[in-house]
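Participant: My questions all concern the structure below.
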Amino acid sequence: CAMKPLISAHTCHTRGKNMLRMKCSESLKRESKNHNTDNNSLEEDENDEAEIEELFQQQIPTGIGEEEHRVFIVHPDVKWGSRKQYLTTAALQMEEAVGLVNTLYNWSVADKIILSTKTPEKRRIFGKGNFQTLTEKIRATPGVTAVFVNVERFSPSSEKELQEAWGVKVLDRYSLVLHIFRCNARTKEAKLQISLAEIPLLRSRLRNEVANLDQQGGGSRYIMGSGETLYEMQQRLLKERELKIRSALERLRRKRHLLRSQRKHRDFPIVSVMGYTNCGKTTLIKALTADAGLQPKDQLFATLDVTVHAGQLPSHMTVLYVDTIGFLSQLPHQLIDSFSATLEDVTHSVLIIHVRDISHPETVNQKVNVLNVLKNLQIPERLLNSIIEVHNKIDLIEGDPEVIPISALKQHGLEVLKEKIEEAVVKYTGKQTMTLKVQLNSPQLAWLFKEATVQAVDNVGDDCTANVKVIISQAAYGRYRKLFQVT
């Protein structure tokens, strides 16, 4: 080496190898730390914490409270028409309904029934005979405090009539899932998105309350000195609340955009991991990244926020795995739309991994639901075409050899999956593998470790140069050539 003649070629070779091991380890630790900071950065600004908590606690539309509930579950088995579910059975849908209720702490199933109906669009959902049978069964079941009707969404008049008939709180999938979200919400962003999703329920309730007041002659009266009726005033207050929620969400969206810009500057590919709720997304990300901070739970909707976790592929390339909220069938678009700020990260990915619980009896129906939601979210066509489908929980059942079978829990099949991810990331990012001749007594190698993925440092010569194999983007290679005047 010209600058340090006492350093031998062996020393240069050792230095290059050690730097490869050390830099790879440091890179992963640094990015895990950086993106743990990313995950928590939305929590750092305390100025609006009180405002968000107030919005979250202000008007809870379900009126359920935190007490324990004994729930009677009713599943309407639609015999024909547009509301009939063809990819599943009434028994499997009831099983999922039971799972939703059991997700909630201190909630239990008092009884359940599947009843056929030809009139799901009617206020009472069932025909006269079945409705009478159902009402008698609910009233005869001891300790029932709520009835969960396994339909997408009640009309306001339907909710009112059912509640009067049965004398207890009635819930549809929309209100029950919202309550599960509310119980699981921890971050400011999750609380705001839930509060936004609750606005339609609050509007429905307001219309019902005003209709009741009108029957008593009080809903249309003007409030003294204000020039507003009671209904107009409450509508205005609800609109003001919605605007505050959207404004706070926009502030958080700008912060998230800044974080994405920083990630893009550092040129780390983002891989979104998606799937039906409780399919094993978080368990898979933990297996791919060895992130001890991840604690997967065997429950529906355990993840409500997007979190980012750094992991390394076989080539030592660092990628960022994005853990997303799970999907569920028969949920109104308003609920998905409310979480658009969270799911916005998905559109900036280079790749989507669709995790399927292949052991679940409804795995085909779940796949259809996930793909439909992705299309409704207006995910770019290039991303929809780049989806890698993974069959999880193969330890419980035999998987399809045409896809990637894994067990995230037992860590089977992960190396094959990592190779597939790496192949797709290189393809969709336009990165290329190159071997560059590098001076080890210059900043070249350190720069490559920072701006590219160094795979190997070989053939160190007496002149203290080495052949360095890298995966690098065209833009980074252009900067490298300009900075070090390489031809």
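Even glycines carry a Cβ here, placed using N, Cα and C.
Where the annotation comes from TrEMBL, it is an automatic prediction and has not been curated.
Just lifted these from TrEMBL, have a look:
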type	residues	note
REGION	28-49	region 'Disordered'
DOMAIN	269-429	domain 'Hflx-type G'
BINDING	275-282, 301-305, 323-326, 392-395, 407-409	GTP binding site
BINDING	Thr282, Thr303	Mg(2+) binding site
Participant: Please give me the CB contact count at 10 A for Ile325 (GTP binding site), counting all chains in the structure.
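Facilitator: Excluding its own Cβ, the number within 10 Å is 21.
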Participant: Report, in whole Å, the straight Cα-to-Cα distance of Thr282 (Mg(2+) binding site) from Ile325 (GTP binding site).
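Facilitator: Answer for this pair: 10 Å between alpha carbons.
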Participant: In Å, rounded, how far does the Cα of Thr282 (Mg(2+) binding site) sit from the Cα of Lys393 (GTP binding site)?
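Facilitator: For Thr282 (Mg(2+) binding site) versus Lys393 (GTP binding site), the Cα atoms are 13 Å apart.
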Participant: Which of the listed binding-site residues (Lys281, Lys393) has the least company, meaning the fewest other Cβ atoms within 10 Å of its Cβ?
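Facilitator: Selected from the binding-site residues Lys281, Lys393 on minimum Cβ neighbours within 10 Å: Lys393.
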Participant: What is the Cβ neighbour count of Ser407 (GTP binding site) at a 10 Å cut-off, with all protein chains included?
Facilitator: 21
Participant: Counting only residues 6+ away in sequence within the same chain, which have a CB under 8 Å from the CB of Gly275 (GTP binding site)?
Facilitator: Lys281, Gly326, Phe327, His354, Val355, Arg356, Asp357, Gln366, Val370
Participant: What's the number of neighbouring CB atoms sitting within 10 A of the CB on Thr282 (Mg(2+) binding site)?
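Facilitator: Thr282 (Mg(2+) binding site) is surrounded by 24 other Cβ atoms within 10 Å.
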Participant: How many other Cβ atoms are found within 10 Å of the Cβ atom of Asn278 (GTP binding site), counting all protein chains shown?
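Facilitator: Its Cβ has 22 other Cβ atoms within 10 Å.
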